[in-house]
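One structure is given here, and the rest of the page talks about it.
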Amino acid sequence: MNILNSLSGKEEEFTPLHKNKVTIYVCGITPYDTTHLGHASTYISFDSLIRYLKFKGFEVLYTQNVTDVNDRDHDILDRAKKLHVSWKKLAEYWTEKFLADMHALNWIHPSHYVKASRHIHHMIDLIQELLDKGFAYRRNGSVYLDTAKISGYGKLSKLSKVEMMKVSLDFEEDLQCPEKKNPLDITLWRASSPDQLPHIPHFASPFGPGRPGWHIECSAMSMEYLGEQIDIHGGGTDLKFPHHEAEIAQSEGASGKAPFAKYWLHSGTVFYRGAKMSKSKGNLVMVSDLLKKYSPNAIRWLLLSNHWSKPWEYKEKDLIKAQKNVDTIESALVSPCTVRYRASQGVPLEASAINQFAAILDNNLDTPKALEFLLDLAKQKSPSLKNLYSSLGFKL
Ligand SMILES: [Zn+2]
């Protein structure tokens, strides 16, 4: 199987670190709002990859996190303040909503679905390791990653320092914090001052009370559940920098082992009405709203009809078409099927159908082409249709 690896920028043959076992970590949600189609697109893309790896006979160990606490103010904390609820209650509420939406789409629940707030001690240990090895420094109760000490910082995103600064303006609230040696240094631990303590999450640590940085959370939880080196690390394209770049620097710096992840996979951004689907643009399409009008299989079909690695634009007419395609497949499934033979060889065509389907997905997980192939099988009333349709996560 070939897969597009963001680290090399090329399609590479997939060979896991251990023969038949694949470890995969996918960055999860920050739970303070409803699941939109952009989230669903990322998580159903990785769901189809995991299903296909299992279809090929691999044992898959899959971890996904929930960023229910981090160093930032402008997501959960601002929302909790506005609604007069605790950050913990808000995070629990939206995590449950996310899981309900994703399970409605027949999403595979990860082997480990882990909350950052329950793994603070792992993050503290990792930060201490980075301090001990000289990759981090302390300032007034906070700890920062010294990016100047990390050789190859930027190897994933391939951005220049000027470009990194530009992107960081949108992501890092503390870019110009005077405590930092360099604005691009990453917050590993953010100190809490005593007057803030009742209002914001804080945890005891050898550095003083505070909370972990967003980036160190994923390094710590990935290493805790899947080991110091993993096969696949996934997430949306917008996480490539600084989030994933920082994860590489932190994990490889602490463990001394490279690569932290052998394959970095980034799912394509979803657009709506010409702009990236996002809260700030006000152009969100909610999964729960779509589920009122369309079947879960139709939504999954729409998502898989777009290639996982490419950006795409949501248009309702495409979802209407997806519903029609799903109806066509499901009507074919209730009609009787016949096993057909190649006249010359006496080989059942069904074995060939499975091989053709696998060859399509072996080519960088080409789900749009695989769906077209399923429609052909439906026309032929192929007995393989049922297994191949459900192998991509469609509910029967
Ligand atoms: Zn992450």
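Positions of Cβ are set from backbone N, Cα and C atoms, glycine also.
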Matching range for TrEMBL feature annotation, motif ''HIGH' region', among 7-17, 29-39, 249-259, 315-325:
29-39
Tell me which range among 181-185, 236-240, 266-270, 276-280 TrEMBL lists as motif ''KMSKS' region'.
276-280
Comparing the binding-site residues Cys27, Cys218, which residue's C-beta has the most other C-beta atoms within 10 angstroms in this structure?
Cys218
Same-chain residues near the motif ''HIGH' region' (29-39), Cβ under 8 Å, at least 6 residues beyond its ends:
66-68, 70, 75-76, 79-80, 90-95, 97-98, 101-102, 236, 269-270, 272, 276-279, 284-288, 290, 303, 314
